[in-house]
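Features as listed in TrEMBL:
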type     : residues       : note
ACT_SITE : B:S158         : active site, nucleophile
ACT_SITE : B:D324         : active site
ACT_SITE : B:H357         : active site
BINDING  : B:R228, B:D358 : substrate binding site
DOMAIN   : B:54-361       : domain 'AB hydrolase-1'
2 protein chains.
Amino acid sequence: MKALSSPQDGIESGGGVWRFPADQPLRLDSGATLSPLEVAYRTYGTLNADRSNAVLVMHALTGDQYLASTHPVTGKPGWWTRVVGRGLPLDPDRFFIICANVLGGCMGTTGPGSTDPATGAPWGLAFPVITIADMVRAQAMLVEALGIETLFAVVGASMGGMQALQWAADYPDRIFSAVCIAGAARHSAQNIAFHEVGRAAIMADPDWRGGAYEAAGVRPEKGLAVARMAAHITYLSEAALQRKFGRELQRDGLSWGFETDFQVESYLRHQGASFVDRFDANSYLYITRALDYFDLGAAYEGQLARAFARARDVRFCVLAFSSDWLYSTAESRDVVRALNAAGCRASFVEIETDKGHDAIFLDEPALDSALRGFLASAAEKRGLA
Amino acid sequence: MKALSSPQDGIESGGGVWRFPADQPLRLDSGATLSPLEVAYRTYGTLNADRSNAVLVMHALTGDQYLASTHPVTGKPGWWTRVVGRGLPLDPDRFFIICANVLGGCMGTTGPGSTDPATGAPWGLAFPVITIADMVRAQAMLVEALGIETLFAVVGASMGGMQALQWAADYPDRIFSAVCIAGAARHSAQNIAFHEVGRAAIMADPDWRGGAYEAAGVRPEKGLAVARMAAHITYLSEAALQRKFGRELQRDGLSWGFETDFQVESYLRHQGASFVDRFDANSYLYITRALDYFDLGAAYEGQLARAFARARDVRFCVLAFSSDWLYSTAESRDVVRALNAAGCRASFVEIETDKGHDAIFLDEPALDSALRGFLASAAEKRGLA
């Protein structure tokens, strides 16, 4: 393990890349095994003496481990500095917070851009297709390697929320509580459709080269930017787009051409252009595929409640945003219904907001207070000071 | 005028391409003029002696004049044979029905694929940017050329519905009634955003060649297919996608790869692939731009009601689909509110359906009966037998 430590506003911060030995391969749902497995992660705060204060935060589709640290590529603050920090719901003075780059990702954890030991070249499309459960299995290996038997909480939003549910299904004895924000128990037809558009855009880019772009010294930036633009619309509500941009123009008057006339066009193009600087096209293919394959109840003959049968001692918190049309509140309600049917303790909070799915990352005090309340109550039950 | 006549199930059918002489250029909102203007159209039924039974049907973004005739490229039936035909709401035994390919289109009306008289080559991006009002102006020229002073009705859905509203604003004395189905008085930020994704996908395709693909003997088919895939999602409701496809697989079991595992993926890819056979990429750019520029109230200081001030004698019918999220019922209500404020007669029908925007083209008996009722009542007032 190569430790990287850099203080963040005086907060103890650590992490690095955990390299598992060849005799500890990752067994995948597809039947394949992956070795060597590397997991890149960051930590905030200090593990207490009885190792009971560890929280695993799981990121969304295009997130990474830079939860509360400056991003090494973009130079921007961590993606959840609203929630993670001194005096915030996830306080590093209280919790030992871990965030790992997801399996299949492009920020240090093994993914399609990693070296295939069989060829010495990047995996590309030879990388095995992975699932949300595989991602969680890799996280569980990291958590164990860090010497943590039971996590105080797994906390995730969007794809991270799905991982929180998968943790509860697969490792109920290793978590005390689970928070699923703006998640779902399965990917809907519309979700799959949007992902397919993104994949088609990437694969349509001649610089994608069947996934072997790295060897060719090119990158399918245009295709990846289009994928991001399409996806980004789904992160915002129509109301938020209307409020933020409406039909506001970039300049006085129309261009009578294909310049960016409208502010919303400029915003969307910027989202696409800046995304390709920090993300990898093949990772986007693999992670969207994992999401499409996600259907937590499917392994239990479609009875989602059975997925949670062993999780009766886990405290659940399910949060959803009223204007989220990517993972709607109806889908969160389905999760809560299944948790209740399984006899699990579940709090459900529907947060009224017009910010859509993106509310995860935005100033949404109701999210902060719901998280704070749930975690405080769970911490008390767990005997954390 | 080159007349093409082919009987459709015994219905009198005609049409062709109307070529306006050079001294009748089309004056565009941009300030440019377009000459020579050609308008390709089809007709169904016979114009009565007092020329009072003409109905202009206006097609949607990717539609064409083959309203109730076999499409010459795809070999498929006309796009509105559910509504136009003997015994149907738009009955050619009763009405003389005209449908013209839109300005900027690719089925015979002047568009970016037409020959630029200045160069002898296809216009490409040298074609002037057009608006919905320009499209209507070209239609008005055709209607006048056909010897029709007043249309009994203008009927349009989606972009066609916007044109119906534009007709009412610009030529209120030349229409007796107007039907706007699943339309809106302006394009929202989300609508613009989706169009920008489509344009970005087309322009990202190296075969687009800055719009000059025809001279290069190539076509940006991959980019256009991605544009269509993204747009197609907006035509369907989430409920319809879930009902039609859910998470149903193409084959037994997952492919563990990037094949089309899910039926919804296969459906969407098919939509993209078949679209490029019948549509032109530059036309897609220009027509989406015209839609984005559409804001009927803007020319009246944002007061939509004033756009209809001269249309008090026009009978309006506004129809919307409850699950349409592309042009929502709220947007139709805004239109009705403005019509009422202007003192116009307006019927409003919100049709309960889970089929989304696509309900325009699908089996939706409530649409048929609403159309039939409105047109019958207007025909009576108009003194049509």
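Keep in mind that glycine also has a Cβ here, set from the backbone N, Cα and C atoms.
Bear in mind that the values here come from a model prediction, so they are computed numbers and not experimental data.
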Rounded Cα-Cα span from B:H357 (active site) to the residue listed as 'active site, nucleophile', Å
8
Cα-Cα, B:D358 (substrate binding site) versus B:D324 (active site), nearest Å, comes out at 8
Do you know the mean pLDDT across the domain 'AB hydrolase-1' (B:54-361)?
97
Only counting partners 6 or more residues apart, tell me which same-chain residues put their Cβ under 8 Å from the Cβ of B:D324 (active site).
B:A182, B:S237, B:G356, B:H357, B:A359
What same-chain residues, at least 6 away in sequence, bring their CB to under 8 Å of the CB of B:R228 (substrate binding site)?
B:T62, B:G198, B:Q271, B:G272, B:F275, B:V276, B:F279
Using DSSP, would you call B:R228 (substrate binding site) helix, strand or coil?
helix
